[in-house]
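To start, the structure itself, in structure tokens.
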Amino acid sequence: MKVLAAGVVPLLLVLHWKHGAGSPLPITPVNATCAIRHPCHNNLMNQIRSQLAQLNGSANALFILYYTAQGEPFPNNLDKLCGPNVTDFPPFHANGTEKAKLVELYRIVVYLGTSLGNITRDQKILNPSALSLHSKLNATADILRGLLSNVLCRLCSKYHVGHVDVTYGPDTSGKDVFQKKKLGCQLLGKYKQIIAVLAQAF
């Protein structure tokens with residue numbers, strides 16, 4: 001299920017994800033503007049690069065932890081079950097302007113954040129003893145929240161962008177156990193792939 005929402009208010013909801021809360025509720029703000037609660041840091045782009053590098057450095061370990069925790073048939077069928085075949089994933093163009101790349105990064109991080117929330121919720125039910133996986137998912141979500149905050153600051157402070165249409169990650173609540181595991185694996189495969197591209201692009 002895709003939910004389109006616009007602007008800073010849904011973003012602020014995403015910035016306060018609770019693990020396992022699923023997709024944030026869509027809210028359409030009235031005349032969305034750049035409302036930042038705290039001053040932006042001077043070295044925002046360095047922080048964004050650092051956070052992307054941190055995510056890129058841990059993405060493969062998260063992917064391995066995930067598919068290992070799912071058990072068979074996942075570890076021996078990665079291409080078939082965990083290929084990054086996510087059709088509604090937001091696009092990214094590495095050769096765009098900084099502003100265009102930041103807008104696309106914003107969309108991607110919102111999508112990934114809600115996806116991770118759904119994956120974490122599902123894994124706590126499907127694999128309650130996989131504590132290292134839960135911890136890694138939570139740590140990744142924390143970095144994504146910080147990254148999102150920095151991207152918002154940069155877009156608002158430098159480019160006066162207060163309105164971006166976003167697509168949230170797919171809701172898995174109505175899917176069966178195998179489909180939840182498979183979609184999670186595909187999303188983390190896509191995450192591993194795109195985060196490497198993003199880390200190189202900034």
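Any Cβ shown, glycine's included, is placed from N, Cα and C.
Since this is a predicted model, take the numbers as computed values, not measurements.
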**Request:** Based on the record in Swiss-Prot, give the one of CYS40, CYS82, CYS153 in a disulfide bond with CYS185.
**Result:** CYS82
**Per Swiss-Prot, the disulfide partner of CYS40, chosen from CYS153, CYS156** = CYS153
**Item:** Candidates ASN95, ASN138: member of the glycosylation sites with the richest Cβ shell (10 Å)
**Value:** ASN138
**Prompt:** Which entry in the list of glycosylation sites, ASN56, ASN85, ASN118, has its Cβ near the fewest other Cβ atoms, using 10 Å as the limit?
**Reply:** ASN85
**Asked** For CYS156 (disulfide bond) and ASN118 (N-linked glycosylation site), what Cα-Cα distance in Å is obtained after rounding to a whole number?
**Response** 28
